[in-house]
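Annotation comment: TrEMBL describes Gly95, Ala97, Val98, Asn102, Ser340, Asn372, Leu437, Asp440, Ser441 as Na(+) binding site. The compositional bias 'Low complexity' annotation in TrEMBL covers 29-39. Look at TrEMBL and you will find Cys201-Cys210 tagged as disulfide bond. As annotated by TrEMBL, region 'Disordered' applies to 23-64, 682-718. The transmembrane segment annotation in TrEMBL covers 119-140, 167-188, 257-275, 284-304, 333-354, 366-389, 409-437, 470-495, 501-524, 545-567, 605-627.
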Amino acid sequence: LWLAACGLLAPFVHNNRLNAAQAQMSDQSSPEAASADSPAAEERSPLAPLSSGGVGGNSTASNVAQDDPEFEVEVAVDERESWGTKIDFLLSIIGFAVDLANVWRFPYLCYKYGGGAFLLPYFLMNIFQAVPLFYMELVLGQVNQHGPIRVWDICPLARGIGLAQNLMTYLVAFYYNVIIAWCFLFLFNSFSTTTLPWMKCDNAFNTEWCVTVEQYKNLTMQNRSAKYVLASEEFFERGVLAIHESVGLSNLGQPRLLLVICCMIVFTCLYFSLWKGVKTSGKVVYITATMPYILLSILLVNGARLPGASKGIKYFINPDLSKLNSIDPWIEAAIQVFYSTGAGFGVHLSYASYSRPKNNCYRDCLITAAANAAASFLAGFVVFSYLGYMSEITGKPVDQVTAEGPGLVFQVYPIAIGTLPVAPLWSILFFSLLITLGLDSAMGGMECLLTGVGDLIEKPLRRYKNVREIFTVCVIVFAFFMSIFLCTQGGMYIWNLLNNFSAGLSIIVVAFSQAIAVSWFYGLDQFCKDIKDNLGFSPGIFWRLCWKFISPVFILVIIVFNIVILMDSSSFLYFYKYTEYHPELFANRTEGNNYFYFYPTGGKLIGWGICAIQLGMIPALAVYAIVSYKSLAKAITPIRDHRLVDSGHVTRYTIRHWLSLGPMDTFPLDLIHRAWSKRRHGNKSNANASEAEDGDGNHKASESYPMTGSSKVVDEDG
């Protein structure tokens, strides 16, 4: 409700500023103010006229404004914090893009869908879907110099997108930071001079079916390992989570003190990384964004030397093209690259809003995409080298020791590390890797909210000191208290629910809406011109086609499949699968060792409600914009051009606006434009020549000059 209120007030906050600027301009237009020596003239310097170029200008509207003084509008240039250096910004977007999913999801998908064959849909989805939307988001933030809410001053109809992004990133913060807390707990347990705690079965929470690695290998050789469970699996579910002490959402149990302390550490780190804005977070990423590559390289060198490593890597890269015959790997690839780059969350937009308008964000986009793909491949080799080793020491095939998500990094991988010489050292390195991967992504999510809402409250509260610090404290503390629910004995049920619904269908619909709002409502004519005015070059035809057609179509297909999954009552969205048998929760063991907690109707309603609230903001704010402005034209026109709409000049009501692929200044549009102009000029010249001759074929010299002048105008205007 608080975020929605901020969004509803945004148009009035902006209009008040614009009216104040126009009033000041009117005062300065008097003869006294026009004097160069007058104080008013000196005060006018912070104001810049709205032109066809520059930040977020509108070409058609601005040309009219330049031709007619009545429409001249001047807006104040806000002072905005910026990154200390360009490398600060680059490392920040790389740090957000490269997160835990690169380690625990991409390698598993490669194994599941044909190994190296999965790289084909992965690269195609990257090229045609993820990278174009990523590029769009960087440009949108950098050119307009606003966060995810105020940036939609370019199209008030779409302001709900920014609110949905802010709410989504905040909901993700509730459970994502709990993952980092698990990593801290494992890290602290790694400082052991003896055996790592997840390598033994003498803990109070262990059951009679717990076995060590050596015992499990012997049981596997005797075909008796089916009902037994490795010590690491019990350590995570029973030792860390204590999920066996909660029957479900109806009885979450008490908070786990150690988890709460670890959560407090995570949120404390986040606060001191964010409290001063990008000036501080831009320095933290020098560690959190670069350390994962160093640690992955160290772990890979060690993993490649282990027995069985080649077997695991073979499973990872061995191509099986038959797996690509179904739609599943293509959908999974589309979803993976979508979440991996982070497009649609509004984080990259927020980060880019602190860049200089002339920064080459196109280069940063390509570097980040390459770094993200490299991290995924490197993590795949690391993970599967250790899984091959795990297969060797347990006697089980690689496909039976492979897992996805938290099960991979908190159950399978730790026990593989625990069998190595100097196991605590490798454990410390691995969980430090996970912490650095998680922290910079968590920082990005929080910064999105701080920037989005901060743009609205910073000006009214500027007279107060330490506004940013106090606002950051409020956001961090509230998120911490919400995360305590996930630190209870039944917290994993809530974690799974939030993981399935807070950024599932929501992020896909938000990204689709963002692509449509920019490429169709704002228009590629203006968007491409913004890029050229600020970056110095115009985007190619590939980017324009992706923005307007290809990427939205790809996302729309994913949305349809997600809705189908959402409507399936047996979908994975509606249950939590335990990794082992808990006698406290189940009376008898099942033959397949599959144990589930199915969410009750109340749990499903919570999940649907989380999704509906986020998605509902988009149409709700769109309707509100139309009603508040009493005009659809104003709702889809940048606020800076509303006076032009009042005069009847509505560029959004032209066919060209909706069908255009942007200015005709890139191949092959420039060739088409030249050919069309040449043909038109030739036809016009022939017509002029015919009119300039009398009945005897003599030229009418007196009429030839006006036509020549007209031809010149056609040449200039194209």
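Any Cβ shown, glycine's included, is placed from N, Cα and C.
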- Query: Counting every protein chain present, what is the number of Cβ atoms, excluding its own, within 10 Å of the Cβ of Val98 (Na(+) binding site)?
  - Reply: 30
- Task: Identify, in sequence order, the residues in the chain of Ser340 (Na(+) binding site) that are 6 or more apart from it along the sequence and have a CB within less than 8 Å of its CB; answer 'none' if there are none.
- Result: Ala97, Asp99, Ala101, Asn102, Phe106, Ala130, Asn372, Ser376
- For the transmembrane segment (470-495), which recorded stretch in the set 119-140, 167-188, 409-437, 605-627 gives the largest number of Cβ pairs separated by under 8 Å? 167-188
- Taking Cα atoms as reference points, rank the binding-site residues Gly95, Val98, Leu437, Ser441 by distance from Cys210 (disulfide bond) and give the first. Leu437
- Item | Long-range neighbours of the transmembrane segment (333-354), counting only residues six or more past its ends (CB under 8 A) | 80-83, 89, 92-93, 96-97, 99, 101-102, 105-106, 109, 113, 118, 121-122, 124-126, 129-131, 133-134, 136-142, 144-148, 151, 162, 165-166, 168-169, 277-278, 361, 368-369, 372, 376, 441, 444-445, 447-448, 451-452, 503, 507-508, 510-511, 514, 554-555, 557-558
- Query: Which bits of the chain, at least 6 residues beyond where the transmembrane segment (545-567) starts or stops, bring a Cβ under 8 A of a Cβ in it?
  - Reply: 125, 128-129, 132-133, 136, 327, 331, 334-335, 338, 504-505, 508-509, 511-512, 515-516, 518-520, 524, 527, 573, 611, 661
- Item | Surrounding CB atoms that lie within 10 Å of the CB of Gly95 (Na(+) binding site), all protein chains | 29
- Task: Check the transmembrane segment (257-275) against each of 119-140, 167-188, 409-437, 501-524, 605-627 and return whichever range has the most CB pairs under 8 Å.
- Result: 167-188
- Query: Any idea what the Cα distance is from Ser441 (Na(+) binding site) over to Cys201 (disulfide bond), rounded to a whole Å?
  - Reply: 35
- Message: Can you work out which residues elsewhere in the same chain, 6+ from the ends of the transmembrane segment (409-437), have a Cβ less than 8 Å from its Cβ atoms?
- Response: 98-100, 102-104, 180, 182-184, 186-187, 190-193, 195-196, 198-199, 213, 230-233, 235-236, 240, 287-289, 291-292, 295-296, 298-299, 302, 306, 383, 386-387, 389-390, 393, 401-403, 579
- Item | Chain residues outside the transmembrane segment (605-627) and at least six past its termini with a C-beta under 8 angstroms from it | 4, 7-8, 11, 156-161, 163-164, 167-168, 171, 497-498, 500-502, 504-506, 509-510, 513, 566, 573-574, 599, 635
- Message: For a quick check of understanding: among the recorded positions Cys201, Cys210, Leu437, which residue's Cβ has the most other Cβ atoms within 10 Å?
- Response: Leu437
